[in-house]
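Trainee: There's a structure below that I have some questions on.
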Amino acid sequence: MTTPTEIDGRALILAPHGRDAAIAAALLRQSETESIICSDLTHLSALLGDDIGCAVLTQEALCDADLGAATAWVARQPPWSDLPFIVLTQRGGLSDRIADAQSLSEALRNVIFLERPFHPMTFVSVVQNARRGRYRQYEARSRMEELHESEARLRRLNETLEAKVAERTAQLERAHEAVLEEMRQRERTEEALRQVQKMEMIGQLTGGVAHDFNNLLMAVMGNLELLRKQASNERIVRLIDGALRGAQRGASLTQRLLAFTRQQDLRIEPTHLSHLVRGMIDLLERSVGASIELKFALPEDLPLTLVDANQIELAVLNLVVNARDAMPDGGAVSIAVDAVHSSKCADLEAGDYVRLTVSDTGHGMDPKTLSRATEPFFTTKEVGKGTGLGLSMIHGLALQLNGALRLSSAAGRGTQAELWLPVTSQALSVPATAEPESPVIEPAVAARATILLVDDDALISTSTAYLLEDMGHEVIEVNSGADALSVLEQGRNVDLLITDYAMPKMTGAQLARAARELRPGLPILIATGYADLPQAMSMDIPRLRKPYQQKQLVAEIAKALGGARSSAVDERQQSPSGSGYR
């Protein structure tokens, strides 16, 4: 690109006759304008270009000349370019012939006619004016190019700006969506936390009620057993038996409540869930009836899981019966077992699980009903058709086994229950060789002992004391751990300590530890309705599960006293002095 400052403004001179060309060049040289003298029109056409300020031609040089090359160059000029041609005419020459002048002007566009003779200053002035006009053309071109460049830069900036705005908008949209998702996740987490807290509160309430109910059943069942022994009237015996059966049903109910609160006593062992469910097929088919189709998917290649098989069977039966009740007009129930992996989430730790799924094609549950499905005593069945403890028991069992119960349902689209149970690396237990069953020890035959009985509930303490005395034992009855330690510190003869676990000020576990410090080797039984004693309790102490009957009391006392006597014999055999407690 040629800029105005780069143009040398040279003039092309074509005057083939006489000394006109030399004179014109000399005049221009005096005004500091360079010029090139051309030999003919072809030579001049070849020199035409952006660096030429003007062209000076004489009239006679144009006579009968071929203007094709010059005209073609003029036509190729860009819109901003208009090279001035100064034609030196003779007096009365071309300038007077209007038609010829117009034709030449159309061919060369920018034509200036200067009639000879003229004053030298006139010639120089015309040339300078032509060059200034040419210079302004280049200035206009430069301005146009600058404008185009500015427009191009502006377009690029706009494009860049649009891209940046689009990118920023996308970032803001992503950030906004992330914030919304975080808010939704927080709401879900808070709702899950509220649900956990609600279930924990319900569990604490239910556990407390079950514990107190166990204590009441203890007194009722113990007194009924003693009363039955004294009754001679057959009608009264039947009434007492009915009352005992009712109390035992109440005890079963408390066990289901404790299952919800994760406080039931479990017998954990490695189990193959497919085998377990396969062994229940006949029972399940009888339970659902002919109108319900049962479908099973029970693969063999599954890992083992550590569960209480009896409780899992009860859970499966509960789920299938619930599915049956949700399909009064018939339908299908699918029972499947598979191995799955879970990442850490609200209800499960990360790890491998065996999943037992029971799904039906029943009427399903709406979201409100689904949210309350595992609450104890909540049921949608008619009065007398259910206790509302089935799902709550399974929920508590799953938590106690470090698993989870997951329910999904929609009104009119059935329900799916998933029981997730952690995988174990333990091997299946080898069934032990059956041993002859130990004979039941009757109260009259049981070894007589002095028993220190500790319970803060006088009703329970009195009832249990009567049972023990009926068995022939001597009973020292106290109502606190401090009183029990006082008896031991006095040196009184005590063969066995039976203590309640949940007592104020000093629990049964704390009493057992203090008693063993005073009397190492003292046999101890802890009576409790809870499944687990504190992990901080390092001693392995047998538990007497509430509510218990006299025959269970007989068996546990016999085991405790029998083990103590065996330990005493071993100690005497190992000790030269034969010394030992008692």
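Think of each number as a place in line: the chain as shown, counted from 1.
Cβ from N, Cα, C; glycine included.
Take a look at what TrEMBL says about it:
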- 140-199: coiled coil (COILED)
- 208-425: domain 'Histidine kinase' (DOMAIN)
- 450-561: domain 'Response regulatory' (DOMAIN)
- ASP500: 4-aspartylphosphate (MOD_RES)
- 562-582: region 'Disordered' (REGION)
Trainee: List, in sequence order, the same-chain residues at least six positions removed whose CB sits under 8 Å from that of ASP500 (4-aspartylphosphate)?
Mentor: VAL454, ASP455, ASP456, ASP457, ILE460, GLY508, ILE526, ALA527, THR528
Trainee: Please report the three-state DSSP label of the residue listed as '4-aspartylphosphate'.
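Mentor: The residue listed as '4-aspartylphosphate' sits in a strand per DSSP.
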Trainee: Go ahead and report the DSSP secondary structure tallies for the domain 'Response regulatory' (450-561): helix first, then strand, then coil.
Mentor: 45 helix, 23 strand, 44 coil
Trainee: Can you work out the mean pLDDT of the predicted model over the coiled coil (140-199)?
Mentor: 84
